[in-house]
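This report concerns only the one structure given below.
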Amino acid sequence: MDEEENSEINSVQARDEDVQLEDQQSQGLQDRQVDVIEQAWNNAMPDEPSPPAEDAFQDPLATDGEGGDALEAMVENVLQDDTASEGSHPSSDMSLESPGSEDDSDLESLPHWMIPQNRLRSAVDMMVSQARNRDGGIAALLSGDNFLQRVRSMVFSQERRRSRTSEETSQEAAEQPVDPPPQQPPRPPIDIGFDTNLPAEHSYFGNHLSRVPGVDYLEVGSVHHMLIFLHQHILFPGEVLPFMIDGRMFDEDMPGLDGLIFGVSFPRLQPPEDNPHKLYGVTCQIYERGESGRGLVFYKSRALQRIVINCDDIKGSPQYIARNPTSKCFSKVKILPEYFLPEPLQTVDMGSMARFRDIPSMRDKYRRFQLSTTTWPSDACQEYSFSSIVERARQRLESQKIDTMPKCPIQLSFWLVRNLHLTEKMMRLTFLTDSVNTRLQLIKSTFKDETLFFCRYCNSSLALCSDLFAMSKHGVQTQYCNPEGYIHETNTVYRVISHAIGYSGEPSTKFSWFPGYQWHIILCKFCAQHVGWEFKAVHPNLTPKVFFGLAGSSVRIGKASEYSPFNGTTYVVRNMMRMISSDME
């Protein structure tokens, strides 16, 4: 009997020791989580972030602040993690009404005392959404006592709610549509009392530029040896590229000085893993030049044709044209073709009835006669109709006050890409295709998409693409050059989402891209990164009185389904959760 009692006592003591050990491990983990959270919060979201100096934001490429780089690197890591896990870990819902919205695939591999990462993320999202309407916001949430205990309580509350919800309710919640972005007040008609030719002339370079004659289109498929540069933005044929560079880069003895042609390639257009031995770009031809008085020369050039470069043919080290290149780089480039097939019905020979084709009152009847002679259904012909795509694009751009739409199908396809603001993936597809018809079909597929501008650094929403309008005759997106030679791709919008931006420095009228307007640097409210400029009229007769220019290097285009009013805040808190997870590993 004594042996049985001793055995039972020993087993109880062993269980107590195991429980005590688990409690110690859990407490140690919680202590580490608290330390990491406090450190991450202090680094990522200071209570009163001091705005960077004005000089630092003359161009985002010129800033090398340690804090900005650290936050940018941290944000890029999270973006990569989110992209990589998109298929297996869908974004958690912030509502308790959506049980089972997280992936449970990682539950079995974790100790029972550790909260799974997806459950932790869901609980933190809920706490963030509740804290945003309270005094103090997120800072008060993290500075309060027993933060981890409240996270655990929220996790357990969600678990209990999930267990009480039936499978039918879960399926119904999963099928609920994504909340659309908040409805902004209807935009009043924009009355532009401004000469839109001025930005297109880049008059901030001065009035002493001289014209350079010649516009040369090179033969399709031909190979040429020319000077090449790199560029951080994607240029499409027809765009104007202003830049400032050392005049010695273009020697007088170089062939073809009249309308000098050079190549500009885009490293971000072609991912290295796709085809590491090729670079895609455009040929550019200089049409105006002028001295700056500082040993640099102002140039205006226009993109003409798409090219492909074999990296093995590059002689030298290519440099970015926006960063004052100091050495020349030459390479062989091949001119890419542009194939365009006429509309299907235009290939149908109607004989003597063809004379009715251009009579407006007979056009519909003539079309019906054409359709009756083919095996194609009317919908198929309408789907690939060039005039149909042009009309739909015209209706979509009607609110942007653009009246310079080209009539040539090739030029129109490139022009639409610049003014419809496609996602980066779609821009890459439209640039790489040689078929104008395919390019127009890709553009047409985006007509129904509602898109927004998101901060490239923290993913918070900044403006609606429907608020774009043209302050230049070239359209809503234009390349501009600042006094330091950096080139900015600028998108002009009528307004931004409320409480999305802050300001840095003082407003100025020097080197203004829009004569008669002063510019003021704007920052993302969540991450304090440079995202563009506010332009305000200094003359009473100019309209609009205020508009915004979003820097293409600091924003990205995304679908409206990605919008969330918590995007920026939740992103920072999720970033801290990632750091906790990596620290535990």
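Cβ atoms are placed via backbone N, Cα and C, with glycine included.
Going by Swiss-Prot, these are the annotated features:
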type: REGION; residues: 1-109; note: region 'Disordered'
type: COMPBIAS; residues: 80-95; note: compositional bias 'Polar residues'
type: REGION; residues: 156-195; note: region 'Disordered'
type: COMPBIAS; residues: 158-167; note: compositional bias 'Basic and acidic residues'
type: COMPBIAS; residues: 178-189; note: compositional bias 'Pro residues'
type: DOMAIN; residues: 225-451; note: domain 'Lon N-terminal'
type: DOMAIN; residues: 450-559; note: domain 'CULT'
type: BINDING; residues: Cys455, Cys458, Cys524, Cys527; note: Zn(2+) binding site
Key: Neighbour-count leader, CB within 10 A, binding-site residues: Cys455, Cys527   = Cys455
Query = For the domain 'CULT' (450-559), DSSP counts of helix, strand and coil?
reply = 3 helix, 60 strand, 47 coil
Key: Average pLDDT across the domain 'Lon N-terminal' (225-451), rounded to a whole number   = 82
